[in-house]
Amino acid sequence: MLNEPLICEPQEQQRQPLSFPPSLLNYLYVGHFLARWGARMWEFSVGLYMINVWPDSLALAAAYGVVESASTALFGPVVGRLVDKFTYIKVLRLWLLSQNFSFMIAGGTVVALLLYEDVKSENFIVFLSFILLINISGAVGVLFTLAGTILVEREWVVVISEGQHPGVLTKMNATIRRIDLVCKLFAPVVSGFIISFVSLTASALTLAIWNILSVCLQYWLLMSVYNGIPALSESSQKRVYRSLPTDSERSSLTDESRNSHCLGDNDLEPLGHGWMRKVIERVSRISYFSAWKVYLEQDVVLPGIALALLYFTVLSFGTLMTAALEWQGIPAYIIGIARGTSATIGILATFLYPVLESQLSTLRTGLWSIWSQWTCLVVCVASIWVPNKLGAAYLLMGGVALSRLGLWMFDLAVIQQMQDQVPESDRCVVGGVQNSLQSVLDLTTYVMGIIISNPRDFWKLIILSLLVVTLAAVLYSIHIYRVRKHLFHFEKLYPLVRIVFRSTYFLLYFET
């Protein structure tokens, strides 16, 4: 009898109503959808713009990727610090205005570049200025998209789910990821059809207009969520108080200042080691270095690194693979449909993940997910030896699409581990460093694209990508072994193997 409440408790918790109107969650989801749609349109289209401007080379597409990834890698930790330091309203305004305005400028510049086709031959300086403006504005837009990602996925989702029944956090994580994948599904399809059946110029113009019209609606929806859920305003106030120096910190700063004035020239000579120690301490206080220090001290550092390694790949429908497929003669709308199919499989992963997580645990779901992704990517490597170019391209796209099931379940598993195990005070900083690390690996991919810029050598990048995914899977397996002291329940596998062996034996016996 004493154990009965323990059995019924999860069902009772699942029936508990939310402490705020459920419609506010829909506002959050719609606002997030509008922001992600514009970002996904740009992400898909920029590779096609660049390969069209400079045919027969991946150099321009790779150069944009370098600028975008380098900016995120360099300023990602700083963005995480800003999100952690500013109030939610300040972050919200900075995110929406900067992201939408940057993508509007990028889209408008692409329109100008496509309308004046002879500018490259007539005035190369103006052409380079257009390319530079596209790169910078696109990179700034992606950088502030990162601020919104940290705010919504790493902060608001956790704050909103606190005090609710345990399934709310898992459900919100899956829904947010599903929205991103829906945008990844339909935005490329829409952009691909506009490019194929209207023009590249119309596609860029649509992107610019979308960001102009949607920013006000995004702001109203997300402000409604902030004003309607008291936990968000309370958390925002805590952040303000946390950023203020305490009395002990003020007194220590005053003592340091007083001591520095009291030291004479003769006092400095015997303090060589102390001076060096102070330099090291001051360097460690710089936001960039302190953010990395906080990240490396987390228990989930290996899963984070494994997730980041998955960004060092051309085996995704990103800029380089899109440009390579375009070079092979695959129409833009086919690429868009293939990318949409990939996103559909990713959406299925968001439905499958909560089921597997409840049965296997978060750790083991991540293990099975990353190795299933690796298995599907082996198909992509096999496409290298297919003699028919068109058949190889479709096999490559198929392998990438199937691998999204494991990829997005692994992504959700690592994010949930970070949400559960990273302290609240470090959450935004760790999120910023994680995105920065992912951008470093993404940047490395584009650097390799510049080095191997001939589309005929794309197969070399495919093999390199599989090797890096293998390394990520091994690192996560090491983490699992460190935490659980084993990878598989061999004692559970033995009865299964014995049943299979006996069934095979009886089949062979009756056949003979």
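The first residue you see is number 1, and the count goes up from there.
Glycine is treated like the rest: Cβ placed from N, Cα and C.
Note that this is a predicted model, so its numbers are computed, not measured.
Feature annotations, courtesy of TrEMBL:
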type     : residues : note
TRANSMEM : 58-79    : transmembrane segment
TRANSMEM : 91-115   : transmembrane segment
TRANSMEM : 127-152  : transmembrane segment
TRANSMEM : 181-202  : transmembrane segment
TRANSMEM : 208-229  : transmembrane segment
TRANSMEM : 300-324  : transmembrane segment
TRANSMEM : 330-353  : transmembrane segment
TRANSMEM : 365-386  : transmembrane segment
TRANSMEM : 392-410  : transmembrane segment
TRANSMEM : 458-481  : transmembrane segment
- Mind checking which residues reach the transmembrane segment (330-353)? Cβ under 8 Å, same chain, six or more beyond either end. 44, 48, 174-175, 177-178, 181-182, 184-186, 188-193, 195-197, 317, 322, 365, 393, 397, 400-402, 404-409, 412-413
- Message: Pairs of Cβ atoms less than 8 Å apart decide it: which stretch in 58-79, 127-152, 208-229, 300-324, 458-481 has the most with the transmembrane segment (392-410)?
- Response: 300-324
- Counting Cβ pairs closer than 8 Å to the transmembrane segment (300-324), the top stretch among 91-115, 181-202, 365-386, 458-481 is 458-481
- Query: Counting Cβ pairs under 8 Å that sit 6 or more residues apart, are there three or more between the transmembrane segment (127-152) and the transmembrane segment (365-386)?
  - Reply: no
- Item | Long-range neighbours of the transmembrane segment (181-202), counting only residues six or more past its ends (CB under 8 A) | 33, 36-37, 39-41, 44-45, 48-49, 52, 110-111, 114-115, 317, 331-337, 339-340, 342-344, 346-347, 349-350, 408
- Residue numbers, six or more beyond the limits of the transmembrane segment (58-79), whose CB comes under 8 Å of its CB atoms: 46-47, 50-51, 131, 134-136, 138-140, 142-144, 146-147, 150, 287-288, 291-292, 318-320, 323-324, 327, 429, 432-433, 435-440, 442-443, 445-447, 449-450, 453-455
